[in-house]
Amino acid sequence: MANSASPEQNQNHCSAINSSILLTQGNLPTLTLSGKIRVTVTFFLFLLSTAFNASFLLKLQKWTQRKEKGKKLSRMKVLLKHLTLANLLETLIVMPLDGMWNITVQWYAGEFLCKVLSYLKLFSMYAPAFMMVVISLDRSLAITRPLAVKSNSRLGRFMIGLAWLLSSIFAGPQLYIFRMIHLADSSGQTEGFSQCVTHGSFPQWWHQAFYNFFTFSCLFIIPLLIMLICNAKIMFTLTRVLQQDPHNLQLNQSKNNIPRARLRTLKMTVAFAASFIVCWTPYYVLGIWYWFDPEMVNRVSDPVNHFFFLFAFLNPCFDPLIYGYFSL
């Protein structure tokens with residue numbers, strides 16, 4: 001997960017090892033073959049996601065230039081711009097950090113970067129999830145309350161700003177709970193093996209459990225529920241319109257009808273939600289399993305563990321493909 005609760009960190013980042021525990025040289029983590037494959041795939045996805053998201057930002061920039069010539073940038077394109085920025089931020093922070101950390105196994109960057117990068121990692125994970133919530137809410141309101149959305153142009157900007165603000169606030173505890181530890185051998189002598197972990201930051205075990213559940217809820221459960229509710233409301237509204245008059249699905253801008261462009265953005269919103277579920281569910285299922293059964297690390301093979309966690313890196317790669325497919 002985003003902190004020391006994950007089995008991925010337990011295996012590869014030694015985050016489940018407290019600095020007071022004595023280790024032998026043979027117990028220290030190493031870079032395995034499956035770890036090397038994971039690193040290779042991670043950096044490949046990093047290049048892919050960077051290229052896709054940067055290309056879409058350039059395309060949006062061209063639309064922005066057209067806006068200066070009198071063509072207004074649509075509300076949906078503004079939302080897509082911020083989602084792309086959030087995806088690019090996640091790509092540039094999380095993927096290189098994960099790849100390099102798996103290569104080095106231990107932490108060499110010092111305590112300051114341990115705290116700062118842990119904060120930036122969680123911030124860059126919150127931002128895309130919250131932007132997905134904003135898009136789902138905006139599209140739901142555009143269908144269920146079109147006149148209210150059209151008359152309130154500030155609502156979209158407010159939700160976007162709130163998403164960025166909450167991302168920065170909710171990631172704040174990372175600056176406090178992460179720290180460097182130095183592990184010792186069986187004789188008590190320091191071996192020079194250091195790690196960036198959260199151990200010793202929580203007075204009681206349930207404090208860490210609460211923090212883990214909070215981050216899990218904000219990163220996955222709450223966004224997922226909001227997206228499902230919004231998409232259900234959209235489908236219900238569309239079904240009701242079609243039941244009243246099957247010919248209502250016309251290509252005009254009447255408040256009672258659904259223009260084709262809006263239908264296209266609705267399909268894209270559903271595709272975003274599906275991508276979010278497919279990519280993040282394996283990642284969090286593995287994390288939750290570890291919370292309730294830490295010994296699962298010894299039962300789940302290393303390749304399976306790495307494979308499940310790589311799913312999360314597919315999400316920022318898929319989103320630009322979804323943009324392109326629906327040709328906004």
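Even glycines carry a Cβ here, placed using N, Cα and C.
Per Swiss-Prot, the features are:
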| type | residues | note |
| --- | --- | --- |
| DISULFID | Cys114-Cys196 | disulfide bond |
| CARBOHYD | Asn18 | N-linked glycosylation site |
| CARBOHYD | Asn102 | N-linked glycosylation site |
| TOPO_DOM | 1-38 | topological domain 'Extracellular' |
| TOPO_DOM | 59-77 | topological domain 'Cytoplasmic' |
| TOPO_DOM | 98-115 | topological domain 'Extracellular' |
| TOPO_DOM | 138-164 | topological domain 'Cytoplasmic' |
| TOPO_DOM | 185-212 | topological domain 'Extracellular' |
| TOPO_DOM | 233-281 | topological domain 'Cytoplasmic' |
| TOPO_DOM | 301-306 | topological domain 'Extracellular' |
| TRANSMEM | 39-58 | transmembrane segment |
| TRANSMEM | 78-97 | transmembrane segment |
| TRANSMEM | 116-137 | transmembrane segment |
| TRANSMEM | 165-184 | transmembrane segment |
| TRANSMEM | 213-232 | transmembrane segment |
| TRANSMEM | 282-300 | transmembrane segment |
| TRANSMEM | 307-326 | transmembrane segment |
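Across the structure, Cys196 (disulfide bond) and Asn102 (N-linked glycosylation site) are spaced 13 Å apart at their Cα atoms.
Three or more CB pairs closer than 8 A are found between the transmembrane segment (116-137) and the transmembrane segment (213-232), so contact between the two stretches is assigned (pairs 6 or more residues apart). A contact between the transmembrane segment (307-326) and the transmembrane segment (213-232) is absent, since fewer than 3 of their C-beta pairs, 6 or more residues apart, lie under 8 Å. Sequence-distant contacts of the topological domain 'Extracellular' (98-115) (same chain, six or more residues past either end, CB-CB distance under 8 Å): 12-14, 28-31, 35, 38-39, 42-43, 46, 174-176, 178-180, 193-196, 313. For the topological domain 'Extracellular' (98-115), the model gives a mean pLDDT of 92. Long-range neighbours of the transmembrane segment (39-58) within the same chain, counting only residues 6 or more positions beyond its ends whose Cβ lies under 8 Å from a Cβ of the stretch, are 31, 80-81, 84-85, 87-88, 91-92, 95-96, 98-99, 102-103, 310, 313-314, 316-317, 319-321, 323-324. Spacing of Cys114 (disulfide bond) relative to Asn102 (N-linked glycosylation site) is 15 Å (Cα to Cα, whole number). The disulfide-bonded residues in question are Cys114, Cys196, and the one with the fewest Cβ neighbours inside 10 Å is Cys114.
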